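**Student:** Please see the structure below; I have some questions.
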Amino acid sequence: MPLDGVKNIVLVLSGKGGVGKSSVTLQLALALSLQGKSVGILDIDLTGPSIPRLVGLEDAKITQAPGGWIPVPVHTAQNPSSTTQPRGSLRCMSLGFLLRDRGDAVIWRGPKKTAMIRQFLSDVYWGPTDYLLVDTPPGTSDEHIALAEQLLTLASTDPSATAAGLSRLAGAVLVTTPQAIATSDVRKEANFCVKTKIPVLGVIENMSGYSCPCCGEVSNLFSSGGGKVMADELGIKFLGSVPVDVKFGELVEGKVVDDSDSDEEEGATQAQQQEEPVDDRPLVERYKDCWSHSRFEEFAKTLISQIEGASPASG
């Protein structure tokens, strides 16, 4: 059965490209995993799949099993101990894993995109998964319509769905940046959710200033507060804002995240020139060194409270 074992489905939407929707999807997934939840990421941005690059698994390949395609594992679950917190597993599925060459352009018409999305929703074996995050392309295109139609036939928006053993379309998280041009496009995305009867869980304002890696002071690169103003006007929950995190950028670029004090920066730079350090920890553990981890930890806790607090199965 499609989506068998998936409890909650959360769409990550943006009305405009370049707002960091895929990075928000990944950080939400990592934060939910660090709350002990098993998480999957379904990347349906068919013409610009970013998830394989962000998780550092561009060369991974999808395997076929009797139950369907097997998602690529990013990290496994970890049981709690006296020194560690519980950690859920993270797996991902993307068209990027199916391309023969990662530089291949995907030039498809609407019907082929629609068929691919339906196949992703019906032929991927996720197994037991607490949260499936769907990274969507920007705007409201054929992909969004196909996704909404298919999900509303495979899952229910009823909070009691998980108690009945069904997948629940919990809702959508909208991602914007502070500028008016971005928030105006996200308003259209919110309208799309209303028309398709998909609940909106909240708004995240990404790139809300620049966080200095030395002192932590946040400077506004663009205008500020646009996401919150829009959320208030639309009556949508504002989850919070996230400044640009240089350390997260280094993390997804495969560099070692340096959380040392700024006074040691010069010496560390000289040492790195002599010998490039290697960090063998899983991505999720290295993410803890990023400034944005604490912010997304709060987002994850809020979403869990919203979604599971509304479900009879949560007790």
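Cβ from N, Cα, C; glycine included.
Pulled the feature table from Swiss-Prot, pasting it below:
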BINDING   Gly15, Lys16, Gly17, Gly18, Val19, Gly20, Lys21, Ser22  ATP binding site
BINDING   Cys212, Cys215  [4Fe-4S] cluster binding site
REGION    256-283  region 'Disordered'
**Student:** Identify, among the binding-site residues Lys16, Lys21, the residue whose Cβ has the fewest other Cβ atoms within 10 Å in this structure.
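**Tutor:** The binding-site residues Lys16, Lys21 were compared, and Lys16 has the fewest Cβ atoms within 10 Å.
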**Student:** If you count the other Cβ atoms within 10 Å of each Cβ, which of the binding-site residues Val19, Cys212, Cys215 comes out on top?
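**Tutor:** By the 10 Å Cβ neighbour count, Val19 comes out on top.
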**Student:** Please list, in sequence order, every residue of the chain apart from Gly15, Lys16, Gly17, Gly18, Val19, Gly20, Lys21, Ser22 whose Cβ lies within 8 Å of the Cβ centroid of the ATP site.
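**Tutor:** Close Cβ neighbours, site residues excluded: Ser14, Pro138, Val175, Thr177, Ala182, Asn206.
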**Student:** Cβ atoms within 10 Å, counted per site: which of Gly17, Gly18 has the most, among these binding-site residues?
**Tutor:** Gly17
**Student:** Write down the Cα-Cα distance for Gly18 (ATP binding site) and Cys212 ([4Fe-4S] cluster binding site), rounded and given in Å.
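**Tutor:** About 21 Å separate the Cα atoms of these two residues.
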**Student:** Measure from the Cβ of Ser22 (ATP binding site) and count the other Cβ atoms within 10 Å, all protein chains considered.
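**Tutor:** Neighbour count, Cβ to Cβ under the 10 Å cut-off: 23.
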**Student:** Could you list the residues of the same chain, at least six apart in sequence, whose Cβ is under 8 A from the Cβ of Gly15 (ATP binding site)?
**Tutor:** Pro138, Gly139, Thr140, Leu174, Thr176, Ala182, Ser184, Asp185, Val186, Arg187, Lys188, Glu189
**Student:** Determine, from DSSP, whether Lys21 (ATP binding site) sits in helix, strand or coil.
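**Tutor:** Going by the DSSP assignment, Lys21 (ATP binding site) falls within a helical segment, counted as helix.
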**Student:** Rounded to an integer, what is the Cα-Cα distance in Å between Cys215 ([4Fe-4S] cluster binding site) and Ser22 (ATP binding site)?
**Tutor:** 27
